[in-house]
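Have a look at the structure below before the remarks.
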Amino acid sequence: MALLLCFVLLCGVVDFARSLSITTPEEMIEKAKGETAYLPCKFTLSPEDQGPLDIEWLISPADNQKVDQVIILYSGDKIYDDYYPDLKGRVHFTSNDLKSGDASINVTNLQLSDIGTYQCKVKKAPGVANKKIHLVVLVKPSGARCYVDGSEEIGSDFKIKCEPKEGSLPLQYEWQKLSDSQKMPTSWLAEMTSSVISVKNASSEYSGTYSCTVRNRVGSDQCLLRLNVVPPSNKAGLIAGAIIGTLLALALIGLIIFCCRKKRREEKYEKEVHHDIREDVPPPKSRTSTARSYIGSNHSSLGSMSPSNMEGYSKTQYNQVPSEDFERTPQSPTLPPAKVAAPNLSRMGAIPVMIPAQSKDGSIV
């Protein structure tokens, strides 16, 4: 009885071993962004597996918020690869003959969104097998920059830093001195694997060229730093120069303002003078015409008077023209009425006329 039971169990083990199986073990694959990931899935068939061959790849996204999605399928001797939009056109079977036992795929141009668990399922009735692969996409360190944070002067404290523009954690750093003795200062040894080295009481011996290499599991990058520790600068001279420069700038600004204001005053004065000139006022007559009209009026008045009646008049200064003639419109001089004697009036043809007079009491005389 015991021998029969052992024979049955042995036959079951042999039959299980001969069924469909995937020979590639489960694993985790790490690749850099932009590279191609090879996901292996090799299988063997047993003589009992007589059904149609179906191969299916699925993805379980890393955020665990989405259900498993089919990314590529082989069924009925046809390939279907347009199930998952994020991987459309980037996932392919590596073998042209999947019946040979190779269901491996390539995922090209890897992105961070491709991180997740991929599952390979092979079916050939009555055999069924599956295997999982964990894919991790990392970003290579790139754009590393080395620089000094602080003043590179003797006796001062500053920091030298190494910073990559991008790169997946964890990151490792390594500092080296490339010039002179190529030996790092003793006080820096504890920080040679850090992104920042703190420099205390700097000396000229620290001057030189340094390199920083930053790396992770998928790549590395490097930057160089030229450190030049110099004596302290003359800050008093710099301050004095800054003050003098400021004063000169203020003086220049003041001069510009003064010139602008002066020009405005001149323009304003010219406008006022221009507005004071009236076009509707005729210009004053010349001195010659004024003097001639004055002399002519005197001659006409005096021509009808006898010499005896001219005693009360002073001789007019014809050579002097009043200054007021230049300031106002010339006017004919007003002369007192001439007194003519009765004999002269008779000779001139005058006719005597009797004019009644009125006495003080109102009677006419």
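Glycine too: its Cβ is placed from the backbone N, Cα and C atoms.
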Taking Swiss-Prot as the reference, Cys41 is linked by a disulphide to which residue in Cys6, Cys11, Cys120? Cys120
Check Swiss-Prot and name the cysteine among Cys11, Cys162, Cys260 that pairs with Cys212 in a disulfide. Cys162
From Ser179, Ser308, Ser323, name the one Swiss-Prot lists as phosphoserine. Ser323
Residue from Ser46, Ser306 to which Swiss-Prot assigns phosphoserine: Ser306
Based on Cβ atoms within 10 Å, give me the single least packed residue among the glycosylation sites Asn106, Asn201. Asn201
Asn106 (N-linked glycosylation site) to Asn201 (N-linked glycosylation site) - Cα separation in whole Å: 56
Helix, strand, coil: count each for the residues of the domain 'Ig-like C2-type 2' (141-228), based on DSSP. 9 helix, 42 strand, 37 coil
Need the DSSP three-state call for Asn106 (N-linked glycosylation site) to compare against my parser. strand
